[in-house]
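Notes for the one structure printed next.
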Amino acid sequence: MIDMVSGKGGQLKINDISGYLPGRIVFFLVNCHLTPRPILLTRHGESMDNVRGRIGGDSSLSEAGELYSRKLASFVEKRLKSERTASIWTSTLQRTILTAHPIIGFPKIQWRALDEINAGVCDGMTYDEIKKSKPEEYESRRKDKLRYRYPRGESYLDVIQRLEPVIIELERQRAPVVVIAHQAVLRALYAYFADKPLEEVPNIEIPLHTIIEIQMGVAGVQEKRYKLMDAIHPTAGL
């Protein structure tokens, strides 16, 4: 039995729990709390592969992406100046690490689980190249973007599954967190906090050079968006 007891501080009473799924539910619940804190979600600054229209890869930032990294640093340092226990989370790909580089005064943590969706054999290709050389794959993805898995790569459902430990750790945090990641990953994270239907995940708009602030607390989840600059080469993402 799991009994949520309301009141000052709240209590969680657990009795006679066994099995994998009940155990996972308990693990999730004991890591949740209502301490107000912001979670800031942003894509990396524009990359050279964004400019070229290529998916995946591990390219560096474009000139516009470097400018965004500096604007982001200024924003974060002002927004979180009284929150010295805040942390910066990135993927292990250099475009997120380079975007976080100008931010000083906060610990930075790299998560492989925050890496962009693995495009498998299509990594480094443009969508036009995929359409011409792999028309069946292109059409399969178009018909069911949520469940489509790139050959030797991942689907959106795979990404959602690997984000479970990230979500639990975000729920556990009592200090602000800035997550600098990738479009597919941020679609999944945003959908979780905004309570979006699963089928909507692959089409959620997560624009470049924009910060989405998710405010967690007793009043529920509230959202603000800050557009720091335009994307010079807006591209369709993964």
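Just so you know, glycine gets a Cβ as well, placed from its N, Cα and C.
Remember, TrEMBL labels are computer predictions, not curated facts.
Residues or ranges marked as substrate binding site in TrEMBL: Arg43, His44, Gly45, Glu46, Ser47, Met48, Asp49, Asn50, Arg95. Counting only same-chain residues at least 6 apart in sequence, those with a Cβ under 8 Å from the Cβ of Gly45 (substrate binding site) are Leu61, Ser62, Ala64, Gly65, Glu66, Leu67, Tyr68, Ser69, Leu72, Arg95, Leu98, Thr99, Leu208, His209.
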DSSP three-state assignment for Gly45 (substrate binding site): coil
For substrate, whose listed binding residues are Arg43, His44, Gly45, Glu46, Ser47, Met48, Asp49, Asn50, Arg95, the greatest C-alpha pairwise distance in Å: 14
Fewest-neighbour residue among binding-site residues, criterion Cβ within 10 Å, set Arg43, Asp49, Arg95: Asp49
